[in-house]
Each structure stands twice: as structure tokens, then as C-alpha cells.
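As C-alpha cells, the structure follows; a few thoughts come after it.
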Amino acid sequence: MPLAAAVAASAVVPPRPPPPPPRRARPLRSFTGLILTRDLAALTVARCAPSPPAPAAEAEAEAVAVDEAPPAKPRPRRYPRQYPGEAVGVAEEMRFVAMRLRNPKRTTLKMDDTGAEEEVGDGVSEDASASEEEEEEEDDDDVVEEEEEGAGLEGEWMPSMEGFVKYLVDSKLVFDTVERIVAESTDVAYVYFRKSGLERSARITKDLEWFGGQGIAVPEPSTAGSTYATYLTELAESNAPAFLSHYYNIYFAHTTGGVAIGNKISKKILEGRELEFYKWDSDVELLLKDTREKLNELSKHWSRKDRNLCLKEAAKCFQHLGRIVRLIIL
């Protein structure tokens, strides 16, 4: 009986289920990181999102405004003005200065190589010509007398033996100074012009000895010659291009206007005697051409400022030479 009761009781009570597995809790930091990551992603997406397209009407208005705007004009390119004779060399530029001094009232000249007309005043820069304008006007007559073919000697000049000897004395001082500087200077620029064949100092000495043998007194150099010689000496030490401008123009003036003056003086007061001052051992035109070519080649290495200074000094050279020539009639 008791056994039967126990069996019945066991059949009525169900068995207990097994306990559930234990739950594992995730750390709080993982949950926080997940939230932060989601927030940053949302911010990034919001910041990089493309802006909404503009309305079609606004886009068309902008396109029409762009089409109606005038095109920008290109800025004009400025080229420096070329001086008359600049393509040939500084000696050619100085020739235009001489022509301007010889013909102060003329406004245009014809270029020999191109046939194009150029203003004579263009041969000197504004800086070079402005400071010399008044002096050039005062000494135009002097420059004309010395520069070309002795124009105006007939009927205007009354040369004297005493005045001509003074002219030779001052000329000798100028040529002595120039030739001494070129021969003794250590400046490389002057070396090219040594023994050019144009030298005049020794020949003038022979002429002055002849005048002394004729009983004619040979005076000391005048103020005009001494002033110019001093100026040349100082200039040679400070600026080679400026000095070479005087060097070339002194010989240029003598081989052109100087020879013409000598011929007329010889006929008037020397009974046709030809002086040594006007003689050369070879063709003087070739000698002057060789000197001119050397100067042009050397001037290729000069700045425009140096060339303008040469043009300014060329005008001064003709002024000084004009004062010396006037000694003939004083």
C-alpha cells in the first residue's frame, strides 16, 4: 500500500526544469562608443551632403549675364622707342646729334639705310637734350664752324696768323691730352684705340716749329683749350663711355670740318702751304671708319643710360671745339 501511494505521488508531480544559463553583461563603454560612432556618422553625412541645386530660372539668368558681359581687352604691349642710329651703334647715334646741331631748325631727317623719316631731336634722350638745350642754342654758330666743311667761312671769317697759331696751340693741348690718356690708361676700353693712325699731336708740333722759325710767336694755351683738357682728364678717370664720346668726335670733327677750315686758312694767309696737321699716312676715311666700328662694337656692352650720356657728351664736345675754332678770328 505504501508502495502504491508512492508510485501514485511520483506520477502526479512533474520533474523540475534545468536552470537557465547565466547572462553576461557588456561593458558600458562599448555601448557609449556605439552611440558616439552613430552620432559622428550622422554629423559627417549632414556636413558633406551636397547643396540643393539652384532653380532653373536662376541658372538661366546667370548664364545670360555671363554671355552679355564684354570680353576683356588685351593690355597693349609697349616697346621701347628706338633711337635714330641705335641699330648701327653709338657712333651713328652721335652722328644724328651732330646733324641736329648743324641744322637746328630742321625737324626731320632721312635715314640713309631705310629711307624713313625720323625726327632729329630723337637722337638725344629727353634727359640729355633738356639740360643742353640752352647751351646748344648759344653755341650753334661755333659748332657749325667746326663740324662740317667749314660752311660760312667765306665772307664771314677774317682769320689772322696770330689767331690761327692760337688755334693750333689749343688743338695740340687737346690732342696731347686725349692721346696720352689712351696710351697710358689701364682701362681696357681705351686699349682698342691705341695707335689708331689718327693721332695729331706730333704733326701739330712740326707745324708750330715751322711758325716759330718764321718769327711768329707761339703762345701758351688759352683758357678754352686748358679748360677742355682738364675736363677730358677728369672725365677719363670717372666714365669711359663719356670720354670715348669726346675721343671719337674730336677726330671726327677734325677730319671733316677741321680739314675744310685748314684748306681755307692755307689759301688766305699761308700762300697755299699744306700743314702737317692735315696730313695722314693712309686714307683718313678708312682710319676713322675703323675707329667708328670699334666704338660701335664696344658700345654693344653699354646700357641705354651710358649711350644717352655719350650723346650728351657729344654735344659738349662740339661746344668746346667751337670755342677753340673761334680763336682764329679773335
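Residue positions begin at 1 at the first shown residue.
Note: Cβ is positioned from N, Cα and C throughout, glycine not excepted.
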Subject >> region 'Disordered' range according to Swiss-Prot, out of 50-82, 182-214 >> reply: 50-82
Subject >> Range annotated as region 'Disordered' in Swiss-Prot, from 1-27, 217-243 >> reply: 1-27
